[in-house]
Amino acid sequence: MEGEDEVSLREQHFHSQVRESTICFLLFAVLYIVSYFIIIRYKRKADEQEDEDAIVNRISLFLSTFTLAVSAGAVLLLPFSIISNEILLSFPQNYYIQWLNGSLIHGLWNLASLFSNLCLFVLMPFAFFFLESEGFAGLKKGIRARILETLVMLILLALLILGIVWVASALIDNDAASMESLYDLWEFYLPYLYSCISLMGCLLLLLCTPVGLSRMFTVMGQLLVKPTILEDLDEQIYIITLEEEALQRRLNGLSSSVEYSIMELEQELENVKTLKTKLERRKKASAWERNLVYPAVMVLLLIETSISVLLVACNILCLLVDETAMPKGTRGPGIGNASLSTFGFVGAALEIILIFYLMVSSVVGFYSLRFFGNFTPKKDDTTMTKIIGNCVSILVLSSALPVMSRTLGITRFDLLGDFGRFNWLGNFYIVLSYNLLFAIVTTLCLVRKFTSAVREELFKALGLHKLHLSNAPRDSETTKPSANGHQKTL
């Protein structure tokens, strides 16, 4: 009987492993397909020729798609775990959700950590060097020569990073035991290196997210139709149509004696056409879309941002009085044993919404920063090198998102796998400083955003607008039609 029970347990374990592997594969396949279509949408169209560069581009494309799929998986990791915990808590004995268990969720966290390391340290450097390689001098040109050069560059890069981390560890913790532990490549070195990358990603999120939270209002204002208050859209469209016709006539009859060049006139004509398209869209929009959707979305963004700041403030107070609020504190009750939110399923849904909102805001803030402005992808006109850079940036942000969400107290779900083993998560001063900086910087960005109009009027009243102290865009050659039919020169 004991032998039969042992065989039965082995069969159950085998079937469980097969089921979990199949679920993971299907989830990743869906993410890979979606990521492929996203990259194809932005990738620059090339000639359909089966030459050497086309093969290299195709390999780099597949590696970039894999990395973007891993990034999407890292973003969905924490929301999926939170909703799975609530489902298991609500339906503990349901036959149809027995596939959803703690083993599957732990496996997803471990796979996300493993693939994040693989993409960040192997696949993306390989894709970049492979794309830029030409083969060593004296060797026959071809794919093999480029692969050989890429492997040599990867080995040199690995040695360089190994030396830098080893020296940094020796300077920070000058202990013989810690220095000897660096020789253990798999158990210590790679987790230590990924911990440093995670800290850099969290710092990047600390820089991008507050900027993105304030920038979201502008982005949504550009996507939605604003209410028409004291505006005559028909009159504005008539004026902009006359201006478009005038520019077209000037462009057709352009001669060498004209002050404007052809390129300047074409650019001005394109701006006028864009403004006309926006005005026509506002005219065609329904009344509820103009007067209801825009205010509702703005209020919703304000509520989500306010809740995020309030949760961070509450987390700061919890850190000061309760040591279990630390991200690397005591372990929770386990998946499916207790709800991690005070408000149950509603609180879990709110946490998931806030996590997605912070991720979208961080991406918006990342591309809004001047240093990363050139990274912004363009539809059908993004080089493969820039796609690789974007995939690496999004991977760093998405891998740090679960850590940031837990550090800021957005959720109480414990970090699983290697995500919860980062050494700096147990440092009280780093965690407290991170929360304080996030709350302060976010508040300052929001205050600066909502008081920009008041500051502009004050500068004009004091005559300081001529000193260009504000960040409002200026263009001396741009004209806009006003509501009364006259043109205002900005």
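Cβ atoms here come from the backbone N, Cα and C positions, even for glycine.
Counting residues 6+ beyond its ends, the transmembrane segment (20-40) has Cβ neighbours under 8 Å at 61, 64-66, 68-69, 72-73, 76, 99, 103-104, 107-108, 111, 387 in the same chain. Look at TrEMBL and you will find 20-40 (among others) tagged as transmembrane segment.
If you look up TrEMBL, you'll see 61-84 (among others) marked as transmembrane segment.
As annotated by TrEMBL, transmembrane segment applies to 104-131 (among others).
Sequence annotations record features per position, and here TrEMBL assigns transmembrane segment to 151-172 (among others).
The annotation transmembrane segment is assigned in TrEMBL to 192-213 (among others).
Listed as Cβ neighbours of the transmembrane segment (292-322) (distance under 8 Å, sequence separation of 6 or more from its ends, same chain) are residues 213, 216-217, 220-221, 224-227, 350, 353-354, 357-358, 408-410, 428, 431-432, 435-436, 438-439, 442-443, 446. Annotation source TrEMBL lists transmembrane segment at 292-322 (among others).
What TrEMBL records for 342-367 (among others) is transmembrane segment.
Under the heading transmembrane segment, TrEMBL lists 387-404 (among others). Residues of the same chain lying 6 or more positions beyond the ends of the transmembrane segment (387-404) and with a Cβ under 8 Å from any Cβ of it are 39, 42-43, 60-61, 64, 67-68, 70-72, 74-75, 77-78, 112, 116, 119-120, 124, 127-128, 131, 197-198, 200-202, 204-206, 208-209, 327, 355, 358-359, 362-363, 366, 372, 375, 377, 415, 419, 422, 425.
Taken from TrEMBL, the feature transmembrane segment applies to 424-447 (among others).
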